[in-house]
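Q: So that we are looking at the same thing, I have put the structure below in structure tokens.
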Amino acid sequence: MKDNTAEISEIKALLGDKPRKAYIRSFGCQLNVSDGEKIKGLLKKMGYGFTEDEHEADLIILNTCAVRESAEDRVFGIVGSMKKLKELKPSLIIGIAGCMTAQSHIAEKIKKSYPQVDLVLGTSAISALPRLLLEALRGAKFSADITEYDDFSEAAEQVRESSFKASVPIMFGCNNFCTYCIVPYVRGRERSRRPEDIIGEVRELVSQGYKEIMLLGQNVNSYGNDLGGECSFPQLLRELNKIEGDFWIRFMSSHPKDASKELIDAIFDCEKVAKHLHLPVQSGSSAVLDRMNRRYTMEKYLGIVDEIRRRDDDFSLTTDIIVGFPNETDEEFRATLDVIKKVRYDNIYSFIYSKRSGTKAAEMPDSISDEEKGHRMRELLEVQREVSTEHYKRFIGRTMRVLVDGVSKKKDGWLTGKSSEFIIVEFEGDSSLIGQFADIEITDAMNWAVTGHIKKG
Ligand code: 5AD
Ligand code: SF4
């Protein structure tokens, strides 16, 4: 762990008693949100408070995502508009963190075209924040650190977004090199955290009253591969399940090529592990999966689904799908629609393929027009809506245990929560239930949620 206590003290002394506010915005996946919580943890130590309004901020950090071009464009749009804020408040410090910074052409672009940016912080250099901030506070025009210190994976203090749901990264990086994906280039190779550190952190969170622990990794199934066989992911699940308390364990994401029988056994044996598996299929065509370098066939994927459904026909499955991978034929796309109908996913996260420079797929010829890709996406969403509504109907008349998330955005006086199956459940109730478990009798199903009322007695 990089020692930055001297810099933290210097910043505290420099800022004095004047309250400073930071605006931190994280884009993209939950691992990035977790990094944002660590950035906040460091800033809190330096004496910063937080604001949701960038106009009030003395420091802005955009914690970026590079998975799709649209996410990058959004960040560039926001940074562009921040030029005005900086003109109004010249002491404002603007920083860019996260996956975008790890691409050299993007880092160059930021430096060259966005002079309002004061600091750039790499994904493995979060602990360098105090030093960079100190330089900026002392008047440096631009400072950057995208070194891979890899020193921030343990015992980092965090300012958590929720008081009842916590994300716990169990590993960092990815070794898989799916041909479309930028992650292995911006997050480096897989590094697993020590099992005892993870268990200690979860135990502490549960003792603080957290009700849902989300274990995070790009591919949690390869957890422990770098620990010399000491602890696999299914073993870790079993250890965490032993922690006393009323809480759920979730995890994300699970690569189908490594989804083993041991994993399925652990899910069904551990009562605290939620009855839901996010198993990204990406495409329903084995030929496309091959071009994606996914290293499983549809046969293997459907074998895992069958094994799960054999044990529990209701088990909830969700997935990620990429539409319009280079040269995806109509037949290949139809194979994806078939899989959706066959598996009956409870939810799908679908994305139009986005070319990422530096990846293998970026070099592949692609004759499919954007219009056609948009058309396919709409068709896929239509099929998914039908499948979800039909599939959600199985819950009508049953009682679902729900962790209450907050107030419903759809109806006044209603609350929203998620069931163990990761299904949105909406019902009438008092806001004092937020952060608690509640039993809900389901009366209706829509394509995005089920609704019901609190079980009496
Ligand atoms: N274009 C579109 N979607 C992508 N994903 C990853 N890379 C790309 C890309 N280049 C999707 C995959 C992955 C999810 C997190 O993002 O479906 O599972
Ligand atoms: Fe990207 Fe594939 Fe790694 Fe997931 S498993 S982060 S899609 S390379």
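The backbone N, Cα and C atoms fix where each Cβ goes, and this holds for glycine too.
No curator has checked TrEMBL annotations; they are predicted automatically.
In case it's useful when we look at the structure, here is the feature table from TrEMBL:
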BINDING   CYS29, CYS65, CYS99  [4Fe-4S] cluster 1 binding site
BINDING   CYS174, CYS178, CYS181  [4Fe-4S] cluster 2 binding site
DOMAIN    20-138  domain 'MTTase N-terminal'
DOMAIN    160-390  domain 'Radical SAM core'
DOMAIN    393-456  domain 'TRAM'
Q: Identify which of the following binding-site residues, namely CYS65, CYS99, CYS181, place a Cβ less than 6 Å away from any atom of ligand 2, and list them by sequence position.
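A: Cβ under 6 Å from ligand 2: CYS181.
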Q: Can you give the mean pLDDT for the domain 'Radical SAM core' (160-390), rounded to a whole number?
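A: Within the domain 'Radical SAM core' (160-390), the model's average pLDDT equals 96.
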Q: Ten-angstrom check, please: count other Cβ atoms within 10 Å of the Cβ of CYS65 ([4Fe-4S] cluster 1 binding site), all chains counted.
A: 22
Q: Where does CYS99 ([4Fe-4S] cluster 1 binding site) sit in DSSP terms: helix, strand, or coil?
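A: The three-state answer is helix.
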Q: Tally the residues of the domain 'TRAM' (393-456) by DSSP class, grouping H, G and I as helix, E and B as strand, and everything else as coil.
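A: Summed over the domain 'TRAM' (393-456), the classes give 6 helix, 34 strand, 24 coil.
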Q: Using all protein chains shown, find which of the binding-site residues CYS29, CYS99, CYS174, CYS181 scores highest when you count other CB atoms within 10 A of its CB.
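A: Most Cβ neighbours within 10 Å: CYS99.
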Q: Just to be sure I understand the contacts, which binding-site residues have a Cβ under 6 angstroms from any atom of ligand 1? Candidates are CYS65, CYS99, CYS174, CYS178, CYS181.
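A: Near ligand 1, sequence order: CYS181.
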Q: I'm trying to understand the geometry here, so how far is the Cα atom of CYS65 ([4Fe-4S] cluster 1 binding site) from the Cα atom of CYS174 ([4Fe-4S] cluster 2 binding site), in Å to the nearest whole number?
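A: Computed Cα spacing between CYS65 ([4Fe-4S] cluster 1 binding site) and CYS174 ([4Fe-4S] cluster 2 binding site) is 15 Å.
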Q: Using DSSP, how many residues in the domain 'MTTase N-terminal' (20-138) fall into helix, strand and coil?
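A: Its residues fall into 65 helix, 25 strand, 29 coil.
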Q: Three-state secondary structure of CYS181 ([4Fe-4S] cluster 2 binding site) from DSSP?
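A: Where CYS181 ([4Fe-4S] cluster 2 binding site) sits, the three-state DSSP reduction gives coil.
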Q: When you average the Cβ positions of CYS29, CYS65, CYS99 for the [4Fe-4S] cluster 1 site, which other residues in that chain have a Cβ within 8 Å of that mean position?
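A: Sorted by sequence, the hits are PHE27, GLY28, LEU31, ASN32, THR64, ALA66, VAL67, ALA71, GLY98, VAL183, VAL186.
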